[in-house]
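Marked as transmembrane segment by TrEMBL: 18-38, 93-113, 133-158, 189-214, 294-315, 322-343, 363-382, 402-420, 457-485, 541-563, 569-587, 737-761.
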Amino acid sequence: MLVSHLEMGMLSEGLTQVLIPVAALIGIIFALLQWYLVSKVKVSGDSSNGLSDKLIEDEEDGVDNREASIKCAEIQNAISVGATSFLFTQYKYLSVFMCVFAAIIFLFLGSVKGFSTKSEPCTYNKGSLCKPALANAAFSTVAFLLGALTSVLSGFLGMKIATYANARTTLEARKGVGKAFVTAFRSGAVMGFLLAANGLLVLYISILLFKLYYGDDWEGLYESITGYGLGGSSMALFGRVGGGIYTKAADVGADLVGKVELNIPEDDPRNPAVIADNVGDNVGDIAGMGSDLFGSYAESSCAALFVASISSFGINHDHTAMSFPLIISSVGIVVCLITTLFATDLFKIKDVSEIEPSLKRQLVVSTILMTVGIAMVSFFALPSEFTIFNFGTEKVVKNWHLFFCVAIGLWAGLVIGYTTEYYTSNAYSPVQDVADSCRTGAATNVIFGLALGYKSVIIPIFSIAIAIFVSFSLAAMYGIAVAALGMLSTIATGLAIDAYGPISDNAGGIAEMAGMSHKIRERTDALDAAGNTTAAIGKGFAIGSAALVSLALFGAFVSRAGINTVDVLTPKVFIGLIVGAMLPYWFSAMTMKSVGSAALKMVEEVRRQFKTIPGLMEGRAKPDYANCVKISTDASLREMIPPGALVMLTPLITGTLFGVETLAGVLAGSLVSGVQVAISASNTGGAWDNAKKYIEAGVSEHAKSLGPKGSDAHKAAVIGDTIGDPLKDTSGPSLNILIKLMAVESLVFAPFFAAHGGLLFKYL
């Protein structure tokens, strides 16, 4: 009786098919509404001076004049043009890569059965016929291209929104910190909702279109759809690495010469690297992060769908249960919409001290509401009992088991977020201790910062470990996949908080460059300081979800490659394990060296301009911003290729030459070491940055004793900050893409590796 009641309460297939696209469309409409509200900051179109939208604010309280407002518009335009130009150039390079790699996917997967067009016996649904391997090759290629294009679109839209909003945030700061906060947060929400909704909608439509060909062959359908995750993450890798090199080369160059050598303020318009620095915030922290989190969402969805397709959901063709991962994401969009209203409409910011609590409240509110949403979805979308594929056996699972799997991923994300905040916010003792160490110079600052980063790994790793144990015990690899989706279910809110940071940072830079009053700069600095901490929280979410996603993809790869057990005592597995553990260090060495090389050129250029341009230091002459932008652009486009090639080629070479068991070792090794290095790098960099801001703000007696700006302690803090820049914004965030991308690439190519891999061992 209970079973029949639950079955009656389940969502019908028709309702499921309506619910998912409607939730995505609601997300898109809400994003456009937020964009409209941001655009209501007064603008005046005037194309006579080449500006597309010149920002004009009337004088209020005599704080800033019309000239400063026009200056804001000019700076915004320069940043927007620079960011757009860089991304278009980067996408030209990536379009070539997309075409080449799409051809590789088709050739490798098509050759599994010699490009045969005959139907094959299904691997998991015994006694049934599945579509030919050539179809899998063709549709995986299409899915790869769709994922890549959606990832590119996510990054580009985020960048356009951020460059549209930065000067508006500066202008709103004249009316008070509350107005500026709402403008910056709404702009971040535009990016968050567009990315979450577009990712869900494109994936859902792709499945519907693929189903027209595959029909009842769900095994082949969802195997080919894994290409969507591969496309998303491959673009994210280049976006993260390229954008990270761009922004940190400019940032390090600007800081070392401007703040340390010449003792001029951050974002001083006399500094030739400031425009490149502000452009970098958008192409690295906005476009790169957008592509990164889209990649995580796409991969976790694909991993869950693939494992479900070879379980009872897929074999029995239960459409609603099969769509469980997509329904979670749909509910997440609605929950995040309600949560956003808490920050923009229900609780107004009246004072600087309320900014950070408001942002953190977003995380708590979205997590609590999402827990209720997950409970409803688990009850209505799943049968009371079903079986999940578990490495060749079937595991009996109940619907409440999956509720706990998704919920523990969601709450583990909150724990990781708050732990990250504790170790990177200057409101707590860890960062204050780092700041205090600056009294004796840069060396002790570096030592304290490194120790903090290593220590900050402990709680996130235990959180991830508990989430893995519980979710795997309850629902095998499918449980881990939906736990990752749980962590990412509030992606719209997470991205809104994350994008808010660079928008506020740019707003502060524009206020400084436009010569606006000290009061305005204090307000934008307060927005930026809160954003710096929330950006670290965003990176924590990205890394934590990457660990769960990678493990789920690892399980899917092992299943698809036909491996029953991965025995680390086997030599071919152990060599893969130790090489895989080395890869994050190799990758980090490449990206750090790239930032160092580009920063070296930037420092030399900034020094040259101050020496050779008469009147630059006195403010009588303008610096050559374009040359610094060119240095960052050229360096990032050139230097992003080797790290990208390392990640993309490793699974192909390992699987082809050494086989699936060695590749399984490589994936496990890179996952284990990559997560540790990524968390410590991100948190170390964040702590150094906020230690510097703690000294600069001087809000406590302790901070005042270390300052002011230009003191020896402050200069030591700036040096720590410049060392941390490539750690927190280039190497650290890129590592989570490394572990995800290698895993999803291995899954996509698993049929080829299983059929033709291990060439060296065959002939030894």
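Note: Cβ is positioned from N, Cα and C throughout, glycine not excepted.
Counting Cβ pairs under 8 Å that are 6 or more residues apart, the transmembrane segment (737-761) and the transmembrane segment (363-382) reach fewer than 3 and are not in contact. When Cβ-Cβ distances under 8 Å to the transmembrane segment (294-315) are tallied for each of 93-113, 322-343, 363-382, the top count falls to 322-343. If you look at the transmembrane segment (189-214) against the transmembrane segment (18-38), you find at least three C-beta pairs under 8 angstroms, all six or more positions apart, and that counts as contact.
By the Cβ criterion (distance under 8 Å, sequence gap of 6 or more), the transmembrane segment (133-158) is not counted as touching the transmembrane segment (322-343), fewer than 3 such pairs being found. Segment contact holds for the transmembrane segment (457-485) and the transmembrane segment (322-343), given three or more CB pairs below 8 angstroms at sequence separation of 6 or more. Listed by sequence, the residues of this chain that lie at least six past the ends of the transmembrane segment (322-343) yet keep a Cβ under 8 A from its Cβ atoms are 11, 16, 19-20, 23-24, 26-27, 30, 34, 182, 185, 189, 192-193, 196-197, 199-200, 203-204, 218, 297, 300-301, 304-305, 308-309, 313-314, 358-359, 361-362, 365-366, 369-370, 373-374, 376-377, 381-382, 402, 406, 481-482, 485-486, 488-493, 496.
Long-range contacts of the transmembrane segment (363-382) within its own chain (CB-CB distance under 8 A, at least 6 residues past either end) are made by residues 6, 9-11, 16, 320-321, 323-324, 327-328, 331-332, 334-336, 338-339, 342, 399-400, 402-403, 406-407, 410-411, 413-414, 417-418, 486, 489-490, 493-494, 497, 537.
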